Amino acid sequence: MKNLTINLLHLSQKYSAVFAVTTFAVILGQQIISPRFASLSPSQDAVLIAKTVSTLKPIRTMNDNEGWIYAIAMSPDGQFLASGSYGETIQIWHLPSGTLRYTLKGHGDAVKSLAFSPDSHILVSGSWDNTVKVWDVQTGKMLHNLTEHTDDVEAVAISPNGKYILSGSLDQSLILWDLQTGKVLQRFSNEDWSRSVAFSTDSQKVISGNQQGTIRLWHISNGQEINTWKAHKAAVRSLAMSPDGKTLASGSVDRTVKLWDLTTGELKKTLKGHSRAVWSVAFSPDGQKLASGSYDTTVKVWRVVTGELLSNLMAHDKSVWSVVFSRDGQTLVSGSADETVKLWSVSKLIPTRLTARNF
């Protein structure tokens, strides 16, 4: 007996109904009408055992009403969610109650990226007004206004040790800042637009994803480049480090998500399923799941070890610009151009498959 296992990404209502009536077993002896199943047409009878990919409903929706939501970040203590929008503002939400705590104003253009400090006390924002701003989360006071960039700031990150800020800009530079003082510590010449940035988990390396599809790594201590490789066919719009520090995830305009060995730059897996550009990727705290948000309006959740699609979340009406997991891994949050932030319970997701068994 020969088994064939295929990931099932989309399933129409018609086929869902057929599976339900036949207790998830369909006898195939005739031509299959749907083009999605054309490659499964057997020369002999087969049994398809179908389990659809999970499609969860959001457990909470919060309306920003300030324009497209480009960025979201969750405080490590789980108390606050920040959303940055095209409307130049940052909304700070109290997560346990779902209420808006306050609105931060100060940027002169869209807020493109956000990051919380490990102690949850500081929020950093990057904007198309060319600035990086540092905020006190409890008071809403602006602590620093960092103005060294000369073009749009596309991405910001805070190091895991809480000492540094990294910002990437369309001015083709990365800047490393001291979080407490706001002083410039290091500049990295990128020779390309920096679309996404990240730190290694030991806070010793900085990483940039670029417009031409390359990924570059540098040492913080001496500013020397460690490695660079062609990662995607188009811009790398998001980067995320696995909690164990071994795997780097990248999301691209080429519609793919890729997993890389950070040390060697070798490709470990390519995750395909999005039909448009991938704007955001995020690892769960245990490193077992990876979420991706896309221009195709969906959020997808993948099992990292196998590359299987666990869930296809389809409640947004427009592009999903940002995704993030809660620290306990129970909740996934997505921010969209439909001006909403949605929370999803993802703790019990299991892989689902379509298996064809020939006999």
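Numbering starts at 1 and runs along the chain as displayed.
In case you wondered, yes, glycine gets a Cβ from its N, Cα and C as well.
Listed in TrEMBL for this protein:
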DOMAIN    155-321  domain 'EML-like second beta-propeller'
REPEAT    62-103  repeat 'WD'
REPEAT    104-145  repeat 'WD'
REPEAT    146-187  repeat 'WD'
REPEAT    187-228  repeat 'WD'
REPEAT    229-270  repeat 'WD'
REPEAT    271-312  repeat 'WD'
REPEAT    313-347  repeat 'WD'
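With a cut-off of 8 Å between Cβ atoms, the residues of this chain six or more beyond the repeat 'WD' (146-187) that come close are 109, 112-119, 122, 124-128, 130-134, 193-199, 201-203, 206, 208, 218, 220, 223.
A contact links the repeat 'WD' (313-347) to the repeat 'WD' (62-103), because at least 3 Cβ pairs that are 6 or more residues apart lie under 8 A.
Counting only same-chain residues 6+ beyond the ends of the repeat 'WD' (271-312), those with a CB under 8 A from a CB of the stretch are 7, 9-10, 53-56, 234, 237-244, 247, 249-259, 318-329, 332, 334-336, 344, 346, 349-353.
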